[in-house]
Ligand SMILES: [Zn+2]
Ligand SMILES: [Zn+2]
């Protein structure tokens, strides 16, 4: 996705620190009524309102100084300027503009800082027209404003999103300093257009040719405009040449961008080259790994960071929670929660906490966090609604959606997805259709692929396969494998062979190496005794070198992750676990459990007899959980593949027989087994 929340946060923090230094040094000059040296003003950057604010708060000291300086020809000009200055500081835009008009008539100009205050006022009121008048006034009668002030005008056009005007002004500038170049470069880099990104890069080259040395802000902006690794590496070497590679700010930007391109090795290299780290850089590197779903490394780095004596801030904790979410590490997530309490007002962090509890299948914890949140936004509501829906609490999800609407929060793409998911799981066909059909009219959200996927699932579950197919053909976007898989799943349950073959072929067109679909297709043919077709599928698989991904289940016990893979006997306690599992199966059989070998067909060669079915990875993980966790603890398992029907029955019966709660999270949904039933309602 994007470089979100905490990256911006850490940049802001760094920038804030920088500005504080600039502020204190400039305040010293201004209070002494001396002109602020250009090297300090250079740090004034377009994005920083803090600095202008603080600088201008000091303004009364220097305002009088300039006013007296211009007072030599007649008393009225100085009065005019004084009046103008006063209106500017009072943020009285109409009167300041009127005073400016009189000044222009008398060919008078105030000092740069006063104009910068006025421009700020224009920005706050989005007064583009007034902004242009100020521009005109500053260049009237051959007057030439200082570069500092032109830079502020430049920034004004950028903030108004008038890049052409900014460019025209920039082209006219007789002298451009690092701030002028950086303002324009970051303006181009901040847009989403590829064309503008190219411009940002071209301007960096022109800047270097012009002999202006880029600063950390220039590089952190231009890095965002890089496209692809070669381009990024060129920029990296240019940074090294200018000696800015030791700057923490630039380094942190480099780490962010390498991570964004999925180049984690390079991120780590840039990180490890640092002599002294800084919390911002730690956050960048941990965030990089957490966002690229390498939770293990993110957690390793987090440990290293603590070891190096750094205290986690909101940014760190958000990333660490994300890593826990990816790995379904509920216990570690709970420990992080304790640290989160220090920042209990932080919305982004609280949302990450909610997401962690939802994705780890602990809805009680998620609910309690959500109910205690002082501030909530659409992300918090959507996370909760989606969490409830995916965990099988459809009614609660829909109730929460009603509360959300009542609270005045506008739903977004994800919220509606959660609502449709809930409808689909609760079999609420009519409600689902209503929300789907009205989502654009009521909330201004166009249905995307995921919404269609949910609707196909909803109709499929209800057995309305023809309607599901009709909907797929009505899709404005090209249906993806998720949509076809939803149809395939429905065909499997409702035993519609022809349609299942059709859906499977569509999936294989899009993903020719999808082992699961080949196996399913082969099974469908085998079920209808079409042996020639079975052979054909096998040939296709062999031809493509498609192998079956082995089933793997993970469980966290005492902060350790234990992995169980089908057929793998490397777990130190595997012997005891298998013996215990055999005992359970034997006792369950006495209660009427019949291993469902229908699912053995999932295996292409059919060699997976009842025996190997017994040792499916989730069964081993469940039994290991029973042996290691106290009775009141929920057994939580994460799985790489969809749970098979036999393991599903096994988990339901075992949960009842042993009075245990078992939660299994597969790539798509959650199964909460409690007292002989599953939250998915036996449809997945
Ligand atoms: Zn199984
Ligand atoms: Zn289930």
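Cβ from N, Cα, C; glycine included.
Per TrEMBL, these features apply:
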type   : residues : note
DOMAIN : 592-684  : domain 'DYW'
REPEAT : 177-214  : repeat 'PPR'
REPEAT : 278-312  : repeat 'PPR'
REPEAT : 346-376  : repeat 'PPR'
REPEAT : 377-411  : repeat 'PPR'
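Under 8 Å from some Cβ of the repeat 'PPR' (346-376) lie the Cβ atoms of residues 5-6, 9, 314, 317-318, 321-322, 324-325, 328-330, 333-334, 336-337, 340, 383-384, 386-388, 390-391, 393, 407, 409, 634, 636, 663, 665, 670, 672, all in the same chain and six or more residues away from its ends. Across the residues of the domain 'DYW' (592-684), the predicted structure has a mean pLDDT of 82. DSSP labels the residues of the repeat 'PPR' (177-214) in these numbers: 29 helix, 0 strand, 9 coil.
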